[in-house]
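Asker: Here it is, the structure in full.
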Amino acid sequence: MSSENSEYYSDKEEDSVVNNSSLGRSRKSSRLSKSSRLSKSSRPSSAGVVIDETQSEEEESQSSETAESEKSDESDNSQNSQESEDSEDDSVRPSARNTKRKPLGIPSDSEDEEDELEQRALSPSTRMSITGVRPQDLSDDDSEIEYSDEVQEGPTEAPTAEAVVPRYTTQFAGNIQNDLHSTIGAADSEVLDDSSGSDVLILSNKETPIEILSSTDDDATTNKENMSGPPFERPSKSLSPRSSAGASVVKTSKNLSQPTIQAVLKQKTSPAAPRRSRIKSEDQKVVSQVVYDEEMRKLAEKRVQVSDAEKLFEKVAHKLPDKGSQIMKRIDTLRRELAMDEQWISALRVQQSNVPAVRVVKPTLNPPRAPSIDTLDWDELSEAVNEIKPVYTGAQGMATFNNQKALTLESLKDLHVSLEDLPGPEVLAEDPVGLKVSLMNHQKHALAWMSWRERKLPRGGILADDMGLGKTLTMISSVLACKNGQEMSEGKDESSDSDSEDDKNKKRKSVTGWKSKGRKDTRRGGTLVVCPASLLRQWESEVESKVSRQKLTVCVHHGNNRETKGKYLRDYDIVVTTYQIVAREHKSLSAVFGVKWRRIILDEAHVVRNHKSQSSLAVCDLRGKYRWALTGTPIQNKELDVYALLKFLRCSPFDDLHTWKKWIDNKSAGGQNRLNLLMKSLMLRRTKAQLQSDGKLNSLPNKELRLIEISLDKEEMNVYQTVMTYSRTLFAQFLHQRAERETDFNYRSDANKPTYNQIKDPNGAYYKMHEKFARMAGSKKEVKSHDILVLLLRLRQICCHPGLIDAMLDGEESQTMGDHSSDSDTPEIDLLAQLNKLAITDTSTDGQQSVANAGDDGPPLLPDEARIAKASKNLLKRSNPVFNLHRPSSKINMVIQILKTSILKSSDDKAIVVSQWTSVLDILRDHLSKDGVATLSLNGTIPVKNRQDIVNEFNDRNNQKRVLLLSLTAGGVGLNLIGANHLLLLDLHWNPQLEAQAQDRIYRVGQKKNVIIYKFMCVDTVEQRIKGLQDKKLDLADGVLTGAKVSSKLTIDDLKGLFGM
């Protein structure tokens, strides 16, 4: 072995390479000169073959003279002495001529026999028949395939130490997969197809691989610019007698070494996908779509394994003797593998093949028709029901199970059959008589769908159109159509007082009619609308502005002077009330519960998504013939939200919680299919994007979202970082206490009793920890979960204005301040040391005294905490100008700047500023008033009866007050504020759905101007992490049923991310 190659090959590696050779061949190879070895440079073989440069080196050196002497004589007789079948025989067995070539000087013993067998097995003809590549030592008369004579016969220069060509490599060359074709196959194969998944291994980027072109590649470009090494040379073409389709001519490149049989067999059994350890260059990362999808599936499984392992570690690590060290090792291994897989898959590129692997059929464009709603066959649904097994197999248990199963199948069958006459999107109802405005097409279709739904059981459904698509006007049109007598004949012939629940539960009726606490039968009424308080006047305003006079009468049932008897409510066509009033009157069953309503409408029905709440229980007990739920988000937290709506609709038997959990919400594919059937038959949902893509909502203007990033100034950032440091410390203490609390609970449980050694040694580590936890639990310094949330609140308020934390503490915690009733009498304080108490108390100006006072009610502060407290002594005091509310913060300045330069500068544009805190809106109002900007305010302090007047005043084009300060909770739902086309979100909320509802106050049907949403975010703060949390929640949207967003609740992982831990 030469010194140049010594750094690449060791003796062990050399032995492993030639391990498959016989002993005699090894002895012959050892007598080869070093110069002969260096003269043989490795060359690639056909696609997928691993090249071994040590193969046949002795044959090339020993038979070179013999081959040269016999080449001329044999070439003259090759045409006359061989037939096509002889050539075929040579392709599958060793050549007789080659078997007789024996090098001189080799003794004829047992080793010679092994050498002869080795030569037969590795003869050029054998390798030619297997690989389809002509070896260099095969003379011209051995095959009838024409080869180019441009192959370099002489030796090449030995590679230097700096540029040594390794024996094995894992690199592809260029876009070789676009030009390679499989050469290993049946003898009677046709023109070979592209082998896009071949695992081609080329020895070096500096070498030219073999180019094998089919007969159809005449016009293909042979010089690939992005390929490594010299360009390909076009080989001459001829037809092989072994291929009836005309197999392409194979031209070998320069400096090729011959493949081995083992390498060929290895390639025949190797997978189509490239091995991850072999991919290094960009061109090697081209894979088929099937391989890419399979790798993505494996990556998803790996992520699930990592997540499961982490959850297992959190639950059982503290219970194990090794404290979960083995599980942690497994987690580390999985994380490393996951990181490698992600890095590898990110570099993959799906190959765009010109020849499709399967036949692609373009769908024919049919005339528009109603979409197929029934995607499941009834046999599949019924079989899925039969898969559920009873829990109790006794006589009573089986009877109950069979009864539930029969009711479930009957109800599903009715819903499945009802889909047969479901009106398609092209079915539109006429505008009812007395309506001043014309309905849009999607509203007309909703009116037709509602008329169809009221003829089925249950009578009613869920209108889940996107926010701002006119659900209120659609329902008013339905009420007007009912009064005009435009209902179907089934509705006229039926008893208007029949209740869907009464149809299913006859036992609830007595002979004399419906009885409740000894009073007479309830009275027949019109339509009851239950909505949030902020929408009371909007319903009244919609009826007055959209319906002709005297067509519909409206009563707002709200306030202390509302009617207390139902007989005074039955004469109105529409009675509007709130969820709070219904829940209050539910206790005495008065007023609204004394009327049997023709129609009950729940506006913003997601308010009652908790089926255990008082409002949900109250609305479910209301009596009515038709029951409707209006909501843009039927699911906000979980699938159980749908159960609350089905309970209100009285969709038997799924309005029973036990039946719901057993047959619907059972985490199975069958349960999901049954839920889909319920939603397809009971719910109608259209989004703005869907209607715009279908061309049915061309009147809606464009919507633009702008993210405004703000950097806090130096003073504000100092305050923020100080509070953040304390917050992280307190949160870490909270996590520590939480972990110890779980350990203590495990100690108390029977399944986790202390061991004998622990009992024997009462001073062990476990008991020390337990005593420490008991002392901590008994002290006043235990951190509660609400303390953590309050800290997050303080951090978010600092982003809006640092003065909010002082004002909030001074306002809300004034009762704990003792005699300090005014700012002038209150001494300087250390907010950091007292922040966890959420109160303002006396502290000394000396830092050490401050630390001592902080420890009066608990353990003293740690040295680090004392140092931080001392450093922040002057920073977190009222005398700091940053807490002055008259000083505009960075965010307030940016809001004022945008209002002046981008919005108010226009002649008629209006803006709405939304915030979660009215204190922020008050600060902004004061600064705007100094600049002469008049504003309107709508928040929780405004009486409900006056809120609609403020909305009407703001929507008036002639009104000069062009800025509305809106509270997110008071006015973020249901209001129609299309008078403005700019919305400024001052602060970010955990639940992005609330922000989306606020945006739809201006982006709704009737808006004529382009809408611009401004979202303000302070960078390098908790707001930036909240933005990431919002994006994650939006990515987890449940689009199967409604497209609604996931829960707004914060988890421990969310809190860790917010605190940067």
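Backbone N, Cα and C define each Cβ position, glycine as well.
These figures come from a predicted structure and were not determined experimentally.
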Asker: If you check Swiss-Prot for phosphothreonine, which of Thr156, Thr216, Thr841 comes up?
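Answerer: Of the listed residues, Swiss-Prot records phosphothreonine for Thr216.
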Asker: For which of Ser195, Ser214, Ser243, Ser325 does Swiss-Prot record the feature phosphoserine?
Answerer: Ser214
Asker: Among Ser108, Ser139, Ser516, Ser699, which is the one flagged in Swiss-Prot as phosphoserine?
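Answerer: Record lookup, Swiss-Prot, feature phosphoserine, residue Ser108.
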Asker: In Swiss-Prot, which of these is labelled phosphoserine: Ser204, Ser215, Ser879?
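Answerer: Record lookup in Swiss-Prot returns phosphoserine for Ser215.
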Asker: Going by what Swiss-Prot says, which of Ser63, Ser110, Ser238 is noted as phosphoserine?
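Answerer: So the answer, going by Swiss-Prot, is Ser110.
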Asker: Relative to the mean position of the Cβ atoms of Asp465, Asp466, Met467, Gly468, Leu469, Gly470, Lys471, Thr472, the recorded ATP site, which additional same-chain residues have Cβ within 8 Å?
Answerer: Gly632, Arg1004, Val1005
Asker: According to DSSP, collapsed to three classes, what secondary structure does Gly468 (ATP binding site) have?
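Answerer: The three-state answer is coil.
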Asker: Return the residues near Gly470 (ATP binding site) by Cβ distance under 8 Å, restricted to its own chain and a separation of at least 6 in sequence.
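Answerer: The list for Gly470 (ATP binding site) reads Leu439, Met440, Gln443, Arg1004, Val1005, given in order along the sequence.
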Asker: Measure from the Cβ of Asp466 (ATP binding site) and count the other Cβ atoms within 10 Å, all protein chains considered.
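Answerer: Summing over all protein chains shown, Asp466 (ATP binding site) has 22 other Cβ atoms within 10 Å.
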